[in-house]
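Taken from TrEMBL as is:
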DOMAIN    67-382  domain 'Peptidase A1'
ACT_SITE  85  active site
ACT_SITE  275  active site
DISULFID  309-342  disulfide bond
């Protein structure tokens, strides 16, 4: 049954696959260059590539983010393009004078000027967030945040970023100005209430849910306070979260062609987070290598894989079994194709515990309309209409 409460919809713009492939090639060149520099210096340091993460780091580095939407901060409103990220929980945007925040020729960023806002309140506590590629730092402030035209969250604590150098090329080349985290407060820097926390507390949304529809080669839509039943078929199937940190669920299994995942040796659940902040699906390196082998994909130096563009139609479906139900990503939908490159949208990453084993990013969410219930701590899936 559709939720009948008043809802707020935010259009999500999709970064073209061409740009994602171009950024992939640039990162590949940068990786090769940096590896060569380390070897020339004779460094004895172990290889700490951007693929490796520590427990204190946020899951995403946004190098593969494809969808962004607009919000505004302050009075009068200052507009920003943000990634709505279920894999983190803070809101941040660059401040006026921010360093490593794009340049006038490409990747130009909108910057927040608190002196121009009548609703700004000083906070000034230090803010720093660690990503796989480095840190982003600044300080906290408080102001009104507007989601779409009619949903205003007042007195929202957020971060003004003074230095975004830690995100490197992902930020420099990205179409986004900042991040709006939709994870839980438990993983928020400095225990800062999330935008969803305050939206609920201030009764600006009727239902404690938000929903993603990611268009297939087109724009998507983020709905606050409900969901749009015209965007999916059948019934929503809800899955209870393992923990209210990221949106983390248990996987029964993953299979593709002859590959079938193994149970964890300690009999613990196979963990996965449903993550709007990355386009890719990631899994343990050994599993992704086995899937890649099963579909004929070839590895590169960065832990990603390419496939022969002539074989895309022959790639088997990848099946995620969740709570006894099969969720299928068609083989041809598991490839990002542009400029003669066919990038397999699965990447091997071994996150240390308590990080997840799998990340179900946009490649998965494009196939399934996804409803996130903040109060019940569930995620609901139904086949998306395209």
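The backbone N, Cα and C atoms fix where each Cβ goes, and this holds for glycine too.
Taking the Cα atom of each, residue 309 (disulfide bond) and residue 275 (active site) are about 27 angstrom apart. In this view, residue 85 (active site) is surrounded by 25 other Cβ atoms within 10 Å of its Cβ, with every protein chain counted. A straight line from the CA of residue 275 (active site) to the CA of residue 85 (active site) spans 7 Å.
The domain 'Peptidase A1' (67-382) scores a mean pLDDT of 92 in the predicted structure. Within the same chain, the residues at least 6 positions away from residue 342 (disulfide bond) whose Cβ sits under 8 Å from its Cβ are 306, 307, 308, 309, 312, 335, 336, listed in sequence order. Around the Cβ of residue 309 (disulfide bond), 12 further Cβ atoms fall within 10 Å across all displayed protein chains. All protein chains shown were included, and the count of other CB atoms within 10 Å of the CB of residue 275 (active site) stands at 29.
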